[in-house]
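Data block below; observations after.
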Amino acid sequence: MGCDRNCGLVTGAVIGAVVALFGGILMPVGDMLIEKTIKKELVLEEGTIAFKNWVKAGANVYRQFWIFDVQNPEEVAVNSSKIKVKQRGPYTYRVRYLAKDIISQDSKTHTVSFQRPKGAIFEPSLSVGTENDTFTVLNLAVAATPHLYPSTFVQIILNVFIKNSNSFMFQKRTLKELLWGYKDPFLSSVPYSIPTTVGVFYPYNNTADGVYKVFNGKDDISKVARIDTYKGKKHLSYWPSYCGMINGTDGATFPPFIEKNRVLQFFSADICRSFYAVFGAEINLKGIPVYRFVLPSRIFASPLQNPDNHCFCTEKIISKGCTLYGVLDISKCKEGKPVYISLPHFLHASPEIAELIEGLSPNEEEHSTYLDVEPITGFTLQFAQRMQINILVKPAKNIVALKDLKHNYLVPILWLNETATIADEKAEIFRNQVTGKINLLGLIEMILMSVGAVMFIAFTISYCACRLKNAK
């Protein structure tokens with residue numbers, strides 16, 4: 001009887017040890033299987049989950065606009081007063097709804113090439129008004145004239161056409177005209193062959209961005225979706241090579257297995273440069289744990305604080321020797337037009353930048369950029385990319401519309417928020433196929449180890465107690 005009991009206790013302890021050992025073995029084996037499956041499904045080639053969502057966005061992407069409506073145009077033009085603006089919006093468009101096209105795989109370099117068609121569909125239900133709403137905004141053609149044509153003689157000639165076309169420093173334009181283009185009366189009156197259509201995003205609809213060439217991850221998953229070349233180049237030709245390098249992905253996805261200390265790099269063709277984001281917080285998005293990466297204020301720092309921004313400071317007088325921060329000059333990639341980008345309402349900018357503008361209210365929560373990335377797959381499940389478009393206006397004594405100005409103005413035109421969030425049904429599929437299975441495997445591992453350990457300890461203690469009792 002004592003032998004049977006001792007044998008049973010020993011057997012129980014052995015079984016517990018085996019169960020605990022199996023749970024321990026299952027951890028690296030299970031992780032290896034998960035890693036293998038994820039690496040296979042993240043390759044950008046026909047038949048994978050990643051490729052399907054990469055070709056066409058898996059969530060609706062919206063671009064919201066807020067227009068800065070100028071309240072005192074005459075005062076500014078005549079007296080060089082502060083510009084009073086009133087923000088109006090959002091006006092919402094659906095973008096990135098067209099699938100990538102001209103897709104071509106290169107098995108030798110493990111890259112895939114493509115173009116990204118552009119289109120924007122107005123969403124009335126998500127907007128405060130219509131595309132025909134009218135705003136008082138800067139006259140884009142008049143403001144750009146001194147920058148594009150610095151010659152006094154040319155300015156005097158162009159001033160005749162500005163006066164004859166009744167063009168002024170400010171103008172009234174509809175939302176549709178301002179964003180997507182309109183025939184400018186001043187430019188249309190010039191008897192030379194020059195572009196006459198003007199718009200903040202003109203041309204946009206029915207155009208394509210690219211060609212992009214990105215790594216497909218077939219040979220090295222740590223390079224998946226990273227841009228190799230854009231329009232056949234590894235760096236943007238209008239910047240020096242040390243400033244114009246094209247780094248990272250397009251922001252929709254990143255190489256998998258992301259650690260919190262990783263810096264995520266992404267490229268934006270709209271603003272002609274690469275950016276980076278750093279870890280900000282760990283949050284729960286519709287039941288999915290994600291890492292929130294944010295754009296640090298250093299991105300818009302002065303060249304003295306961030307040497308990477310040296311190329312984006314070309315105006316030494318207005319920038320006070322490149323000591324001011326918060327805006328980037330991208331005129332070189334906008335055909336010389338005086339376009340500056342910043343965060344909305346000049347968030348994180350030098351106070352001097354906005355001292356001639358009234359009506360701004362920078363807010364970290366509403367105006368910062370972030371990406372919510374699922375760390376195992378590298379998929380961006382939610383993002384908000386926020387940016388403000390500004391035009392530099394200088395006094396010009398040879399142009400009647402600008403001759404009374406006494407200050408250099410950095411005039412905010414609009415700010416935008418391009419945003420998307422994984423849909424509820426897609427989130428459920430993601431939980432079931434990815435996070436749910438990983439969590440289940442982890443739970444099984446912990447149960448096996450815990451149960452096995454408890455069994456081993458319990459039976460071992462019982463066996464020792466039984467031996468001690470028999471010895472007495």
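Easy rule for this one: first residue shown is 1, then count along the chain.
Each residue, glycine too, has its Cβ placed from N, Cα and C.
Per TrEMBL, ubiquitin cross-link is recorded for K469, K472. Per TrEMBL, disulfide bond is recorded for C243-C311, C272-C333, C313-C322. Look at TrEMBL and you will find Y463 tagged as site 'Critical for TLR4-TLR6 dimerization and signaling'. Sequence annotations record features per position, and here TrEMBL assigns transmembrane segment to 7-29, 440-466.
Residue density at C311 (disulfide bond): 20 other Cβ atoms are found within 10 A of its Cβ, drawing on all protein chains shown.
Rounded to a whole number, the C-alpha distance linking C333 (disulfide bond) with C311 (disulfide bond) is 12 angstrom.
Here C272 (disulfide bond) is positioned 14 angstrom away from C313 (disulfide bond), judged by their C-alpha atoms. When the Cα atoms are compared, C243 (disulfide bond) and C272 (disulfide bond) turn out to be 11 Å apart. The distance from the Cα of C322 (disulfide bond) to the Cα of C272 (disulfide bond) comes to 20 Å.
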